[in-house]
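Per TrEMBL, the features are:
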DOMAIN    8-76  domain 'Ig-like'
DOMAIN    291-362  domain 'Ig-like'
DOMAIN    389-454  domain 'Ig-like'
TRANSMEM  490-509  transmembrane segment
TRANSMEM  521-540  transmembrane segment
DOMAIN    747-816  domain 'Ig-like'
DOMAIN    939-1008  domain 'Ig-like'
TRANSMEM  1136-1157  transmembrane segment
REGION    1180-1211  region 'Disordered'
Amino acid sequence: MTVMDLQPELWIESNYPQAPWENITLWCRSPSRLSSKFLLLKDKTQMTWIHPSHKTFQVSFLLGALTEFNAGLYRCCYWKETGWSKPSKILELEAPGQLPKPIFWIQAETPPLRGCNVNILCHGWLQDLVFMLFKEGYAEPVDYQVPTGTMAIFSIDNLTPEDEGVYVCRTHIQMLPTLWSEPSNPLKLVVAGLYPKPTLTAHPGPIMAPGESLNLRCQGPIYGMTFALMRVEDLEKSFYHKKTIKNEAYFFFRSLKIQDTGHYLCFYYDGSYRGSLLSDVLKIWVTDTFPKTWLLARPSPVVQMGQNVSLRCQGQVDGVGLALYKKGEDKPLQFLDATSIDDNTSFILNNVTYNDTGIYSCHYLLTWKTSIRMPSHNTVELMVVDKPPKPSLSAWPSTVFKLGKAITLQCRVSHPVLEFSLEWEERETFQKFSEDGDFIISNVDGKGTGTYSCSYRIETQPDIWSHRSEPLKLMGPAGYLTWNYFLNEAIRLSLIMQLVALLLVVLWIRWKCRRLRIREAWLLGTAQGVTMLFIVTALLCCGLCNGVLTEETEILMPTPKPELWAETNFPLAPWKNLTLWCRSPTGSTKEFVLLKDGTGWIATRPATAQVRAAFPLGALTQSHVGSYHCHSWEEMAVSEPSEALELVGTDILPKPVISASPPIRGKELQIQCKGWLAGMGFALYKEGKKEPVRQLGAVGREAFFTIKRMEDKDEGNYSCRTHTAKRPFKWSEPSEPLELVIKEFYPKPTLLAQPGPVVFPGKNVTLRCQGNFQGMRFALLQEGAQVPLQFRSASGNSADFLLHTVGAEDSGNYSCIYYETTMSNRGSYLSMPLMIWVTDTFPKPWLFAEPSSVVPMGQNVTLWCQGPVPGVGYILHKEGGATSMQLWGSTSNDGVFPITNISAASMGRYSCCYHPDWTSSIKIQPSNTLELMVTGLLPKPSLLAQPGPMVAPGENMTLQCQGELPDSTFVLLKKGTQEPLEQQKPSGYRADFWMPAVRGEDSGIYSCVYYLDSAPFAASYHSDSLEVWVTDKPPKPSLSAWPSTMFKLGKDITLQCRGPLPGVEFVLEHDGEEAPQQFSEDGDFVINNAEGKGIGNYSCSYRLQAYPDIWSEPSDPLELVGAAGPLAQECTVGNIVRSTLIVVVVVALGVVLAVEWKKWPRLRTRRSEMDGRDQTIALEECNQEEGEPGTPTNSSSSSSQRFSLELPVPI
């Protein structure tokens, strides 16, 4: 609901009592809050605004001497969280020498009744004026006052008919009794309740179209009265009087306008202004289209046979009946008279049967003729069943389990449901329930796979479950034998087989070359084709294998990280048989997972009784080299990764890890070196020294090197190395360096309050300061105090400070330190401040939604409960909800409540409060109420800006949100703002959101939604976004060319100028031309290159049709290039490259063909000569061809060749 803002107060002060117009100062005061900005308006435009250095209640605007230049109508506003407030009352400054006309009104929420007291207020704008009250018919004032402020209150006690009449108010300065102000506007005082109220009716009806005529009849019981008609929305401009001799009066509207829509009432009075009670309000609609009706089925559109169902028609108009229709039937089934319709009236279908199944709609039932168009109607399909129809069941993200990931089964139906149920066919006793239809299924130990179905029940028949959905089968792996595992192994096997086949083909070709001379071309071609086929297939398999192996892993809900180490049963050569062990610090671990190089899962193992698992690697090879870490799995949770174990090589020990706490001067320091094998020896090195600083024998998997007293000489970079006990000279790689730098201060302590930071007055509270070292002295400090409040010496590492019988003065921020008791007094840093509240009520938290409190259906939203008290729990409560969400032990000041896949069940009013974990009698107050609206349930509205989406700073703007249902509540939203800017509930279909004196920060993207009172928080779709600019000059447009910026022979180029605002006119400018070249409304300009005149730089700009004299900034220049004249050759670098490549390929093919053609006769001759010869010649030629490339011919080779010719080789 919209909160009414109080108007600020505006008055005048002057240091010239006898002539105040000589020096005038206007003062503006906020009624109830501090403000950072104040605005002064003159004649409905901005004059000036003040931004004081600090927030204040009031500011002054110096005008100086009153002249004709600064005379006029003044108002002021102040800045609040949601924008500028409503303006003050109008102060009219006239010419010098005249006092401002006072304002005169009655302070009453209801018409004045006989016997009541009435206060008449007169506001004179100046301090210490004399106020006179005059009544028409009296020469002398009936009352006067001299108040100390700017306003006088005239009281009329025990109101009687004699007090009726017309009153005015005037003022004058005390020192100048002859200088009177102008009289105020007359105020007519009429005593109500003396006559009975009249009846107001509309003829022909209360809903008419624009241009039609209307008669409003006001009828009373007494004749000869004067009747008055007024419109509630504008009492000053729509007040009509009519004197008649009858007991009724007709107020005729010849041609109705949209502005005549509103709420009307009438009364009558006699000659002495004694009046009647007001009539009942009559609502008049002037519209060309009836509002759309909205039919809802309660409790559900799916109803069991024999039950009752009510069809409620929403969006009805006062004074109009309703009719219920069923599709396929001409006559209406039921009627609702206009006098019997209220918020709870519905069409009732009793004892429904199958014959009642169908599509229903409701229409307006008019008893008068009008030209208003009937709108479209939504329909409701009523289903009468013995059981509710079956729902649909789907799986997200898929029906196949992935390792470590769960599947969400979504059971959906189109009508409201009380509860969903999930059944598992493989287990008869399995059953899960859900209110939103979402079921999370995990696949621990392969127990999640199987066939599922779901059903539901509705609120009216909670004992009857619907038909089951179609079965849905979930498939996936159990344990570590995943589908990806089988796929990877199959791909690896296929790749190995193809590589072996490729090797066999190469060996076969080589054997053929040695065994026979290759004389057939098909043999070589076949061998080449088979080789290329295997190569392409192997490459494809490599790509597929790589794609599967690099599947992305998902880490959910981190738990404490486990420990990873290595063990071996070969102390002299540990890499011959290596086993990696992973151990979890929690006892609820179900499974362990080992990863290598962070790229994918290597293996999984179930947890043993010792909450650990072994991963045997066997003999360490080059394929095992890499960085390993492990995770521990719990129920739907995975731990943080362990420390990385890096296997460097087959003969090198893994690199250890070194760590240490911050070093303190003069204190002991331990440096931890962690290895990966049991029974290791350790050595500590310092940068700059060749020999180790210290060495330790076989002490296990980790060692601690102690520095008794840290001094400056101990600073530097340290590293450590490990070796096995059996091979003391075989060292590991050094660890990463650790830099030790002595700090002059100890680490800051932690300050806690027991039992809690919020304390009831008169109770005790203990502040515990927890340090890091023992034997220190502790001090407690309070913010604002010059010296510590208390000191404590402790043998341990903490000290307790007791605050006894605390009071309001003990509230504030506390901190503590600790320091040495030696001469150095070296101390720690200050602890984080701890706020202590001494109160009987917890501070109020603040609840807000992120990203917004208006959320589309199906999206996620996070509710933040934020307060100043850290370390407490929070409770989130929904109005009307049976249960609350709890968040325990928050370590920050925020409570986070995520709501996923938001639905209609999530909308409503929310609040939160603290839930401390200590017992206390302190009251807990709830936070602000947050209205969570879900959009997408009603048709979307439209959003327009008047006078346009672009305005200059200081001007006023109105955003109009037009809906489709009457009497809706409209909400204005801005992108980047979590809460709605404003809410309105107008009487019609449109809400006007007024934005006075806009500034640069008002620029942005706006949208709006609306919802009905009968279905609160079930909002419409978002309107289309409207971008608003607050600037003196429109933003520059963009300019692009299509199809390119280069002219082609005989073709034109289209320049496209685009701007961010609608309703504009574009202009294109060409460098070198003084006048603009072309104008366009769509921003498209066609440029030709006749005689080379189209080449050059172009830019464009635009102007709004509402502001034709204001042009935008020009766009960035765009250069068009190309050749001039008809004989220009179209040649680009790409074309030259492509043409050259084609020529080279053709020439190369020609050379190859020529060489082959030249060889062909010689090959044929050689083939004929070889017929019938011994195969030794073929062997000789084969050996000659093998020895030709790059080998010089000598006598030894020649003799060997001749010897080979003499060997007989059988064919």
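Cβ coordinates come from backbone N, Cα and C, glycine included.
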Using DSSP, how many residues in the domain 'Ig-like' (291-362) fall into helix, strand and coil?
6 helix, 31 strand, 35 coil
Would the domain 'Ig-like' (291-362) count as touching the domain 'Ig-like' (747-816), if touching means at least three Cβ pairs under 8 Å and pairs must be 6 or more apart in sequence?
no
Where DSSP helix means H, G or I and strand means E or B, what are the helix, strand and coil counts for the domain 'Ig-like' (939-1008)?
3 helix, 34 strand, 33 coil
Roughly where does the domain 'Ig-like' (389-454) sit in mean pLDDT, to the nearest integer?
82
Under DSSP, the domain 'Ig-like' (389-454) has how many residues in helix, strand and coil?
3 helix, 35 strand, 28 coil
